[in-house]
Ligand code: SF4
C-alpha cells in the first residue's frame, strides 16, 4: 500500500465515511476510559435498572451504573480485543500460508490440506471449540477468535502466494539460489501485501462481531470487565424495561464492524479490484425520422446512414459505426471486410438489432423485408426477425449456453416462434443437425456444447439459423476462431446452405480470401464507414487507396490471419480520436489538402462506389492467391 | 474447493478398484473421490473434537468439578472417562464408541449425550431449514430482478439503493438483528413472541433474524453473477433467437449464474447452521445452541464434544450436497472431466 493509495481511498465517499468512523472510534477508545472510566463504574443504588432520564441518557443497569457511559468506555476494550484477535489470525495465517512455499513439496501439501479441511467449518464453530480449549474469559476468547480466523486467512495467503510464485522475478530469485525463507520474506509477501491488507481490515470487523457474539453468550469478557457484547447480553435481559440498554451497544458493534468492512472495500476499490462504470443513456441520439424510401422491393435489408454510438469517458460519445449505408438483395452474398476496429461487427449487430444495452443506434432508414426495425419494441422486432434472420457468431466456444443441451437450444427457436411442441421442435433440431453434417445427430442433440468440437459447434450454430426459413443469414467472422481445415468445412456448409435455402448472406470478415471466395459483392469498411463497394470480379480495379492495399496484400491460407494488413504502415484510428476529413489520410500516400474534407461514396465504375477524392484507375497488382481464389 | 487431498484419494481409489470398467464412469470416480474427501474431513473433525479436551491446560475433570471437589470424586471421574489411559488408547476407544453411536455421558446430568442431542436437534434443524428456505425464496428472484433492472448501467439510483442497503443489512450479525427484531416486534409492537419455541409464530422472528442478512447477501451475489452472465456471448445468441425476455433470463442467464449461487448458498447454509447458536440464545430457543453454550459454561465436555460433532457433520453434509448439486447442474463440472 503506497501513501497515495491511502489518500485516494480516503477520498472516495465510502472510504471517507469509514475513515471518519474509525477515527472517531479510535479517539473514543483512547479518551473515553480516561474521562468516564470511573463514572461508568459508579453504582447508584437509588437508580437501579432505570429507563432513559435526563441524568442517565440511556438509563442505568441492574447496579445503577450509567449505560451511556459504559458503552462509551467499552469502546477501548471491544476494539482492542478485536484487533488483538485479528493480529493473531493474521500472524498464524501468514505462517500457515507461506509454510507450503518454504517447506518441501510433501509437508507443504499437508499444510495446505489441513488448512483446506479447517476452512470448511464456519469460523464460529472453530471459535467455540477453541473457546473450550483456551477457557472462558477475554484471554481465551481472543485466542479462540484469533485461531478460528487463521485458516481462512492462511488460505488467502496461500492462493496469493501461489499466484505470484510463478512470476519471473520469483523464478529468477529461485534460480539465483535465494533461500526459501528469504524468497518468501523478500519476494513473495511484499507482492501480495495489498490483498492481505484489504482482508485483514475486513477481518478486524468480523473479529469485532465475533467477539461481541462470544461475550454476548457469556463466553467472552467476564464481569467486572465489560465490552459491547457483554453490555448487550445484560441489556437484552431487561429489554422490556429499557430497550436502549440492549440497542446502544448493538448499534456500537454494528457501526464499528461496518467501519472496518467499508474501509476494506474502499481500499480494495482503490487498489483496483473493481473498475468499470457504465454511464446512463439519457443523452443518446434519437433515431432520426426515416427518409423517403428508395423503392427497392428486391431488398431483404436496407440500412441508410446507420450509426452506433457509445457513451465515452467524459461527456462525449464514441461512434464506432459512423454512417453506414448498405442494401442486401434477396439471395445475394455480401462480404463486409475491414481491420478489427473498423466497425464491421458492430454494424452487423446493429443491422440485427442486437447491439449491447448501452449502445445508441440511429439510422435514417433501417428496414428488413420492407418493415422498419427502429422504433419498435423488442417483441415486435422478435416477431419480424425471429424466423427470418439467422445469426452466426464468431466464437462457437462461447456462443452456446453451456448449461443447456444443444438440441434444446436449437429447438427453442421453433418452440418460441412457430409454437412447436417439445417433440416436434426437437425432431426438427435433429434434422437440422443432420443437415449441417453433424454425425449421429440424435445422440449429439442430447449433448452439451462442451462435448462438441469447435467446428461442430459452428455447424450447429448454422443449423440453429436453419430452424426456420431465414431470408438473411448474418455471419460475423464465422471461421476466425476455427482451425484452417475446419474453416473450409464451415464455409462450404455456409455456401451450400445459402444455395439450398436461397437466403441472402452477409459475411463479415477481416479475411479477404474468405470473403472473395464466398461473396458476390464486397463492402470495405474503414474507421466506421464504408470506403468502397465493388463486385468480387472487379477486385483488380479497386479504386480506393485503402482497398487497393488491402487486396494487394491478400494472404493465402497459410498466412497469419490475425495480421493480414501488415503491409499498410500505421494503424486504423481509434473510434474516439478519428481525424476530421478522410480517416485514411494519415496512412494514405495520395493524401492532399482536399482530403481534410470527408469524401462521400461516389460511383467510380460499373456497380462500384468509393469514398475517395482521388480514386485510382490503374489495375491493382493482385497477388496470385487472390486471383485464383483457391476456391472452396 | 478442490482440496489437495483429492489427488491422494483418487490415486488410492483407482489403485483399489483396479481395471474394472465402471471405474471409467466419471460419476463413479467423482462420487468415490468426493466420499473420500468427506471421510478425511470427518476424521479431521473427530480428531479435533477428541483433542479439544486434551488440549485444555490442566485437568479437565478438576476444571469441571471445581477446586473444592474431593480428590476421590475427581479420580473416579477421570477413571470413568478413561483419562488415565495412554492417549492413543483413549483415541481408539473414542472412535470405537462413536462407531456404535455412543457420544458419551454428560458430566453434569449423567444423561447420555446422544439422548440430549436427540431432544435438541429438531428445534435447531427446524430453525436452520426455515431460514435457508426463506433465503432461497427471497434472494434468487430479488437478485435476478435487480440484475434485469440495473443491467447495462440502467437505474443507477435503484442500484445504489439496493447495493448499499443490502451491504449494511448483511453486515449486521444475526444476533444483533435478532435483538433489533425483538425490540421492534416484541417490545414495541408486541406482535410476536420473543422467547421459547411454541407454535409457528415463535419461528418468525428467529428465522427472520437468521435469514435477513444472508438473503440480501445472496441476492447481491445472484445479481452480480447474472450481470456477468448477461455479458456472455451465448446471451447474445439467445437474443438473436428473439426469445421472450423471461425465457432469456430464466433459461439462459439464471442456470449459468447457478454455480456460484449454489457455492455461496452452501457457505451461507453452513454459516447459518452454526449461526443458530447465537440466535437461539437471543430467543431462548430450546435447541443445541442453547445447550452447547450452557455446557461450555458448566464445563460439561462430553456434551460439548457431541454437539460440536453434530454441527460439524451437518456442515460437511451441506458441503457434500452442494458439490453433488453443482455436479448435476453444471454439465462442465469436474465429473465429466474426471
Ligand atoms: S480521400 Fe484522400 S486520403 Fe482519403 S483515401 Fe482518398 S486520397 Fe487517400
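Using N, Cα and C of the backbone, Cβ positions are placed for all residues, glycine too.
Unlike curated records, TrEMBL annotations are generated automatically.
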Of the residue ranges B:103-122, B:203-222, the one that TrEMBL records as transmembrane segment:
B:203-222
Stretch carrying transmembrane segment according to TrEMBL (options B:230-256, B:257-283):
B:257-283
Pick from B:38-56, B:57-75: which stretch is listed in TrEMBL under transmembrane segment?
B:38-56
Which stretch, out of B:6-32, B:303-329, is listed as transmembrane segment by TrEMBL?
B:303-329
